[in-house]
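So that you can see what the record holds, here are the features copied from TrEMBL:
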TRANSMEM  20-39  transmembrane segment
TRANSMEM  51-68  transmembrane segment
TRANSMEM  88-106  transmembrane segment
TRANSMEM  118-136  transmembrane segment
TRANSMEM  148-167  transmembrane segment
TRANSMEM  179-196  transmembrane segment
TRANSMEM  202-221  transmembrane segment
Amino acid sequence: MGLFWIGWLVLITIDPQNPWRLLPVLLSDALGAAALNTFYQQAPKALKTPFLGLSWGVLLVTVGDLMLLPGKQYLNLTGVLDPSSDYIFLLATISIMMGSFSLPYIMEQQGLYPNGRFALLIGIAAVISSVTVYLFTTYVTKMPFLNILIHAIIMLVFVLYLLQSFLIGGGRIGKQVQVVSIALTLVNVGRIIGIIGDWSPLTHTLYEIVWLTGMSVLLYFSPRKLA
């Protein structure tokens, strides 16, 4: 992962408008999917499905970013997703959402979270994300329904992982879930920066820093070291 950081720094230092600056992000996506797969392989049977959904979701994000190479489309993105990859990102977002929703539910069923914690997390996340997306799409920028749907799910997943980041479940599995929650919170912050910011070299830089940081956390604490 350190090589990706170095490569990214070199690319943006030479030319902030270099379309290949997306490449380290794309490669970190692939490693992130591999890291989540290691969580899946070592998770108890009950928790395998959530980690599989997360792994496939990040893998689809990799495919979506791959469709933005060599990077000209990426550099010219606005808050509205690029039409050539938005359906891939929708599938990725749905896969991540399914894994994200089932994770706290199963943690509660396994006695790793207190009873009622799943409903509380989903309720708070749903209210905050709904209000935020409504205000943003009503008073800040108009966008097609598909983009609203993707952004609503991203915000919902972000709030859900943010809340889970403060929870400490039982044993090794609980700590691993907390690490994944922190990493995916950072990743979703990156996506939100891309949604609310006008795409510019500064916005790209903030997005990439937060995204690479999230993937670094995920890789560093993965059961098998990949970076």
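Heads up, the Cβ atoms here are built off N, Cα and C, so glycines get one too.
Any TrEMBL annotation is an automated prediction that lacks curation.
By the Cβ criterion (distance under 8 Å, sequence gap of 6 or more), the transmembrane segment (20-39) is not counted as touching the transmembrane segment (118-136), fewer than 3 such pairs being found. Simply put, out of 51-68, 118-136, 148-167, 179-196, 51-68 has the most Cβ pairs sitting under 8 Å from the transmembrane segment (88-106). Long-range neighbours of the transmembrane segment (148-167) within the same chain, counting only residues 6 or more positions beyond its ends whose Cβ lies under 8 Å from a Cβ of the stretch, are 81, 86, 89-90, 93-94, 96-97, 100-101, 103-104, 113, 117, 121-122, 124-126, 128-130, 132-133, 136-137, 177-178, 181-182, 184-185, 188-189, 191-192, 195.
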